[in-house]
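Chemist: Here it is: the structure, laid out below.
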């Protein structure tokens, strides 16, 4: 390979990343217009388009590099020099951290995810830690209550770029002050002030004002979800001021925010104070930089692995028929490998399973489906694998494993946030906790269905409970669109013997679902059945599901709230907003 090409290749990769992130910002910048026009279908399409941008631009760069090198193979020394030149381009580059991830992606595409070593890739960042901690320009504006909180909030809302009229701005300001007074007390509130992000965070049908409530005793989140009425008038639906509430809003089971972030590292650093429980990977994920979030997630895994003496074990819960799931006992992720062969009742292919996971990645997850990171040729040290798990891997997924002596390589896997399986949770709780879990499960089903997602397999074992007590779906192999399902009533038996027969007396076609049957497995436990009948009996009715289908087919997009209904101002303070 001719010398001098290394710099050209490094520059080509960085220019390719520039093009990708420019398009990323372009799609993101359209969020305000989509919100103001209430074009919710365009919101959903923009979310999918933005996710696809990264892989598309990686592919373009790979083709450019093949042209530059005339398709010639490259030796290890040449690749090391390319990385060296690329590293020299980064000190003055504002999005250096994501540019490193883009380099990794191009390398993996060129070499089929092989030879993934720290010498060839940016396994850890090449840049000093201070670059992540320095915010080069203000990302937020401070507001002080010199003339009281009513005047302060009027300035905050008047500063917003939204061009729609307010339904009743004074009412909303009074609601916020009332909430803050109840939360902090009048004296603390008078000594507090706000710091508000310059950019709004758009997601679904809301524009979120994200800020920090700086009080004498510490800094709290300050989150205002701004919605619009059917008449196109703005209103604030609630005010959230706890880290737990903020964590749910920025949760791993939600779609990525559209927030204009030319300096993503700076925004992540600014958010860290109000989201102390979130990892760096989760913060990048929340603002839509999902590929760099994957890099950070892998780094978090490596750091944990270096500091622990644990071995991977099979994850707790009922063993899956499609996925083999394992974990490190102290690490909050699970690793999911598609089995070589599925249980007989699972009539599907591995390609179908991967397509289902991609559907979830691109769809609105409404806070009820866990996000995943997909890895290829994932290397594990054998010393980190328990003998029982190694035996299970070779038994269930041998075709996806390459033995390298002291290591194994798993050809393909997913990494996902670990939760307590709902079936285990229900065995361990009682009283109000049990009631809350059943309410959450039913709400998860409803919200998924309203977002045009039918889980397929609704057994409790396919759902998990987060640290905030939310129920989240995580088994995607039978997932499909609501509009693809044929919901049917079970026909009455022709003869008394029909009900005793081992086979149904009626025909069943692919896609047929009988909601009456849900009762058999969801209400079998006498502790759970009465609660389910009380709160979610309509899930057993065909007309409920068909009505949802009709709304979806008519183009209706449901509101999605990242907080409880009882937290809405209309419920707290009594006035219906629309």
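Quick reminder: no glycine exception, Cβ is built from N, Cα and C everywhere.
Marked as ATP binding site by Swiss-Prot: 315, 316, 317, 318, 319, 320, 321, 336. Residues or ranges marked as active site by Swiss-Prot: 371.
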Chemist: Could you state the CA-to-CA distance between residue 336 (ATP binding site) and residue 371 (active site) to the nearest Å?
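Modeler: So the alpha carbons of residue 336 (ATP binding site) and residue 371 (active site) sit roughly 13 Å from each other.
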Chemist: In Å, how large is the greatest distance between any two Cα atoms among 315, 316, 317, 318, 319, 320, 321, 336, the listed binders of ATP?
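Modeler: Across 315, 316, 317, 318, 319, 320, 321, 336, the widest Cα separation comes out at 15 Å.
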Chemist: Cβ atoms within 10 Å, counted per site: which of 316, 317, 320 has the most, among these binding-site residues?
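Modeler: Compared across 316, 317, 320, the most Cβ atoms within 10 Å surround 320.
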Chemist: Pop the Cα-Cα gap between the residue listed as 'active site' and residue 321 (ATP binding site) into the table, whole Å please.
Modeler: 21
Chemist: Of 319, 336, the binding-site residues given in the record, which has the fewest other CB atoms within 10 A of its CB?
Modeler: 319
Chemist: Just to verify a number: CA distance, residue 319 (ATP binding site) to residue 371 (active site), in angstrom, no decimals.
Modeler: 21
Chemist: Cβ distance under 8 Å to residue 318 (ATP binding site), same chain, sequence separation 6 or more: which residues?
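Modeler: Listed in sequence order, they are 421, 423, 461.
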Chemist: Measuring Cα to Cα, how many angstrom lie between residue 316 (ATP binding site) and the residue listed as 'active site'?
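Modeler: Rounded to a whole number, the Cα-Cα distance is 20 Å.
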Chemist: Among the binding-site residues listed here (315, 321), identify the one with the smallest other-Cβ count within 10 Å.
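Modeler: Candidates: the binding-site residues 315, 321. Fewest Cβ atoms within 10 Å: 321.
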